[in-house]
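Record features (Swiss-Prot):
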type: TRANSIT; residues: 1-29; note: transit peptide
type: BINDING; residues: Glu234, Arg265, Tyr403; note: substrate binding site
Amino acid sequence: MRGGLWQLGQSITRRLGQSDKKTIVRRCYASEADLKKTVLYDFHVAHGGKMVPFAGWSMPIQYKDSIMDSTINCRENGSLFDVSHMCGLSLKGKDCVAFLEKLVVADVAGLAPGTGSLTVFTNEKGGAIDDSVITKVTDDHIYLVVNAGCRDKDLAHIEEHMKAFKAKGGDVSWHIYDERSLLALQGPLAGSTLQHLTKEDLSKMYFGDFRIIDINGSKCFLTRTGYTGEDGFEISVPSENAVDLAKAILEKSEGKVRLTGLGARDSLRLEAGLCLYGNDMEQHITPVEAGLTWAIGKRRRAEGGFLGADVILKQIADGPAIRRVGLFSTGPPARSHSEIQNEKGENIGEVTSGGFSPCLKKNIGMGYVKSGLHKPGTKLKIVIRGKTYEGSVTKMPFVPTKYYKPA
């Protein structure tokens, strides 16, 4: 899981500062020739992007700015990320909502057209297969984006259940948007910058909203969402127009929005207290344990009907045995798999993500601890490279979120 980043050499790992190496580069391939490239690959290289293996793709981990500077600039101005390695797809048909509700915990039927939500795909034991942002475009059209590292298993899972659903007469079909690229524009200048490139009034578009609109002359799927805790958008654009759109965004921001890589993206999501699948969520972790009970709609709690509902609903009623928590710690930054102990030195859990916060100038992390030891202020110890350091449980997000919502 973490081996690929070590192969990059000490020059890059030093520039990564204190970020958790495992969370950045995953599922590396044997050679550069094995890696997929987004349509912006040459654009990244021309702008100084340092390309690394990530989930089978060659992606920029950073540009000329340090990861710390890029993180802070996103919070103060804005960042543009290439997230085309992620997989966008649509489900269509009069039964697409009923079909999706068998696989995810969200109240999809309760979403108004043009709105969306974070949700979790679950397995029969209630564990998380992946997390995803889903949008109800219309009552018979759902748009969703799944993680790059989970693409193959997610698509196989959806296809398997779709075949069974259709065999019983269900009306649902799907399309995978391999012909599109995905850009994420994040930060306080995201709205004003993008407004220069569309006639759509973005001030009326709030967090979680979705539109199909013209941006810079291209038909785009626009979602007001992101992975940083800041206001921002994810823009699905025809691949042949992706480079032109990236150039236009950077130009309209007058240099304040900067290209940003995976390193800062990881720092930003950690500061925002957001899960990284494969670290903070796995197939043996339920949404309740991960602190995502809020994503399980009220109707779904009453009716169930999704995979693993019996396990998940019992955890909601009785409480889970473990819980995801935020962590502060002394010493070097905690890493994934670092042991968490109580004050007596007894094992109570494990760190899943950790790093140095560029904005808070202190070590932060996430992990799982036994229920009862999850309350903010609980003192604990973290074992890093055989040495024990003081730590404590804290609330998340570490940095306040700034999602654009109605006043």
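Placed from the backbone N, Cα and C atoms, the Cβ positions cover glycine too.
Not measured: the values here are computed from a predicted model.
Everything Swiss-Prot records as a feature, shown here on the structure.
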residue	record	Cβ within 10 Å
Glu234	substrate binding site	24
Arg265	substrate binding site	29
Tyr403	substrate binding site	15
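In the three-state DSSP classification, Arg265 (substrate binding site) falls within a helix. For the recorded site, Glu234 (substrate binding site), the DSSP three-state label reads strand.
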